[in-house]
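Swiss-Prot annotations:
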type: SIGNAL; residues: 1-20; note: signal peptide
type: TOPO_DOM; residues: 21-93; note: topological domain 'Extracellular'
type: CARBOHYD; residues: Asn58; note: N-linked glycosylation site
type: TRANSMEM; residues: 94-114; note: transmembrane segment
type: TOPO_DOM; residues: 115-135; note: topological domain 'Cytoplasmic'
type: TRANSMEM; residues: 136-158; note: transmembrane segment
type: TOPO_DOM; residues: 159-178; note: topological domain 'Extracellular'
type: TRANSMEM; residues: 179-199; note: transmembrane segment
type: TOPO_DOM; residues: 200-215; note: topological domain 'Cytoplasmic'
type: TRANSMEM; residues: 216-236; note: transmembrane segment
type: TRANSMEM; residues: 240-260; note: transmembrane segment
type: TOPO_DOM; residues: 261-334; note: topological domain 'Cytoplasmic'
type: COMPBIAS; residues: 268-277; note: compositional bias 'Pro residues'
type: REGION; residues: 268-291; note: region 'Disordered'
type: TRANSMEM; residues: 335-355; note: transmembrane segment
type: TOPO_DOM; residues: 356-369; note: topological domain 'Extracellular'
type: TRANSMEM; residues: 370-390; note: transmembrane segment
type: TOPO_DOM; residues: 391-395; note: topological domain 'Cytoplasmic'
type: TRANSMEM; residues: 396-416; note: transmembrane segment
type: TOPO_DOM; residues: 417-428; note: topological domain 'Extracellular'
type: TRANSMEM; residues: 429-449; note: transmembrane segment
type: TOPO_DOM; residues: 450-454; note: topological domain 'Cytoplasmic'
type: TRANSMEM; residues: 455-475; note: transmembrane segment
type: TOPO_DOM; residues: 476-496; note: topological domain 'Extracellular'
type: TOPO_DOM; residues: 518-533; note: topological domain 'Cytoplasmic'
type: TRANSMEM; residues: 534-554; note: transmembrane segment
type: TOPO_DOM; residues: 555-564; note: topological domain 'Extracellular'
type: TRANSMEM; residues: 565-585; note: transmembrane segment
type: TOPO_DOM; residues: 586-593; note: topological domain 'Cytoplasmic'
Amino acid sequence: MGPLWALRVAGALSVAGVLAGHDGSQRAGQPAALDAGTRGDGVGHDRGVDCREVRKRNSSERCRFVRGTPDCRLDGGFLDYLGGAFCTFPSSLLPLSVSLYALWLLYLFVILGVTAEKFFCPNLSAISTNLKLSHNGLGVVGHSLTPALHGVTFLAFGNGAPDIFSAVVAFSDPRTAGLAVGAIFGAGIFVTTVVAGGIALVKPFAAASRPFLRDVIFYMVAVFLTFLVLYFGYITLGEALGYLGLYVFYVFTVVLCTWIHRWQRGDGPPPPGPWEPAIPTDAEEQESSGTNCGDYGEEYRPLLPYHETSLHILSTALSPLDKHKWRRKPWYWRLFKVLKVPVELVLLLTVPVVDPDKDDLNWKRPLNCLHIVTGPLLCIFTLKSGAYGLYQIQGVFPVWALVALAGSVLAIIVFVTTHNEEPPKYHCVFAFLGFLSSAMWINAAATELVNILRTLGIIFELSNTVLGLTLLAWGNSIGDTFSDLTMARQGYPRMAFSACFGGIIFNILVGVGLGCLLQMTNSQMVVKLEPDSLLVWILAGALGLSLVFSFVAVPAQCFQLGKAYGTCLILYYLVFLCVALLTEFRVIHLAAT
């Protein structure tokens with residue numbers, strides 16, 4: 001009763017805060033209401049001529065229109081996709097440019113996945129270990145609570161990094177805010193229907209009652225708050241902070257529920273929450289021992305130790321291929337690995353990885369010294385599309401040269417004062433550098449992803465919302481889909497099912513809260529989120545209805561989930577997708593008033 005009572009109070013306070021933030025007449029500094037505008041983008045924005053008008057122009061005028069229309073300017077990013085489609089390529093080759101953009105879009109999802117899995121998550125785990133969260137995270141609470149705290153904070157951030165960065169980038173421009181709304185809601189309904197339903201089809205199981213009800217209630221509260229924000233048309237500073245505060249309260253509730261269960265059961269291990277795996281059996285340990293966050297440097301080690309030269313260490317560390325794994329893997333794995341090699345090689349050159357599970361903590365002396373130079377250079381060249389790196393001090397000395405010089409001096413000092421065989425005491429600092437560098441890579445890839453989706457939306461005259469709930473949501477959720485279904489096949493459907501609902505809570509609360517918070521300035525403490533399309537309301541309503549269905553159906557089945565439940569969820573998503581596409585193409589629309 002304690003956690004549920006606290007949840008009711010928090011929900012009431014959150015709703016009251018949203019309503020209080022929107023009562024009365026328009027306040028000073030509050031954005032004026034916007035007209036719906038042409039061709040709904042899902043979330044309104046104040047603009048002149050819509051860039052989608054380019055398709056109505058003659059072929060000879062399209063390049064001039066794109067160059068001269070403010071709405072066609074893509075903020076951030078390194079490539080001008082609209083200019084490439086309408087200026088670089090002739091109009092007769094537009095299908096070719098679209099095909100190239102589609103392939104590049106798929107590869108961007110590969111970049112996001114590889115960066116998050118192989119570099120961002122391991123460094124985040126190393127930071128958690130260095131902060132002692134994996135040993136005595138809460139002191140007074142006890143050791144067994146720490147996995148829950150670690151899971152809903154560090155692990156949630158690691159798994160949701162592509163979604164969060166995509167949302168932050170999309171919210172940075174009112175023209176692409178519909179992408180963020182569509183992706184957050186679209187991924188939510190996809191994961192809670194298709195992925196959750198697939199788990200029930202693959203492996204019928206009994207769901208954990210209290211964690212399931214807790215997560216669904218929190219997610220319904222988050223969806224309802226977002227619905228209110230969209231209804232009133234803007235989000236204030238207090239409301240953005242309220243999103244983040246609600247997630248902090250969710251973390252507190254998870255830890256409290258774990259502590260209560262442990263107290264009731266004595267000193268036994270707590271049940272697995274949405275982010276913490278159950279204590280593995282011997283067979284499970286054998287299975288998990290063959291996997292690791294990173295598969296670099298996993299060559300078989302000789303029985304007798306020997307001293308490797310720095311050149312050999314560098315060449316081995318920069319090789320993304322493991323010849324032993326390559327021989328025993330199927331052809332399709334090899335093909336995908338070949339596609340990932342260029343990305344992995346660039347990441348290996350610029351992002352250090354600290355692995356607490358290895359004896360040497362993945363200390364590669366020559367490569368880590370190189371990272372001291374390449375990591376900071378990466379950061380300044382990815383900020384503002386390289387604008388900071390090209391800035392010249394006093395109009396003479398470029399910033400990138402100063403960073404390279406300072407990094408080189410520091411790298412030489414580290415190389416001279418360390419050894420190949422033993423990591424230095426300050427090796428944990430490389431985890432923070434790796435975290436920052438991988439975050440910059442994810443942010444850069446997310447920026448390109450948002451820009452190319454907006455370009456495809458302009459070319460095909462599609463709204464940002466439908467692109468967000470389809471391509472962006474599917475791309476960001478594909479990793480969770482495969483991992484959860486694989487986990488279910490291996491005999492852990494309860495853990496996979498809990499992850500479906502627990503993970504998306506982080507995405508919606510932190511994605512909306514942090515994404516809007518970062519766009520606020522001292523002069524404008526509000527972010528406009530006015531939906532000007534029926535599709536936004538269909539998306540929000542469909543997500544809310546799916547959560548209500550699960551909230552009622554799962555307890556009605558005594559938490560025994562089988563193929564009937566899974567089939568209903570997947571059919572529900574297919575019906576929703578058909579309605580969404582029919583709405584996008586104006587087959588379903590509101591009657592004119």
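Every residue, even glycine, has its Cβ placed from backbone N, Cα and C.
If you look at the transmembrane segment (335-355) against the transmembrane segment (396-416), you find fewer than three C-beta pairs under 8 angstroms, all six or more positions apart, and that falls short of contact. The stretch from 240-260, 370-390, 429-449, 565-585 with the most CB pairs below 8 A to the transmembrane segment (179-199) is 565-585. The transmembrane segment (455-475) makes no contact with the transmembrane segment (370-390), as judged by fewer than three Cβ pairs under 8 Å among residues 6 or more apart in sequence. The stretch with the most CB contacts under 8 Å to the transmembrane segment (534-554), chosen from 94-114, 216-236, 240-260, 370-390, 429-449, is 216-236. For the recorded site, Asn58 (N-linked glycosylation site), the DSSP three-state label reads coil. Long-range contacts of the topological domain 'Extracellular' (555-564) within the same chain, counting only residues at least 6 positions beyond its ends with a Cβ under 8 Å from a Cβ of the stretch, are 200-201, 204-209, 212-213, 497. Helix, strand and coil residue tallies for the topological domain 'Extracellular' (356-369), in that order: 5 helix, 0 strand, 9 coil [DSSP]. Nonlocal intrachain contacts for the topological domain 'Extracellular' (356-369), taken as residues 6+ away from its ends with a CB within less than 8 angstroms of a stretch CB, comprise 125-126, 129, 292, 294, 297, 310-311, 313-314, 317-318, 348, 411-412, 414-415, 418-424, 427, 430. On the 0 to 100 pLDDT scale, the model's mean across the topological domain 'Cytoplasmic' (261-334) is 62. Counting only same-chain residues 6+ beyond the ends of the topological domain 'Cytoplasmic' (391-395), those with a CB under 8 A from a CB of the stretch are 402. Helix, strand and coil counts from DSSP across the topological domain 'Extracellular' (159-178) read 17 helix, 0 strand, 3 coil.
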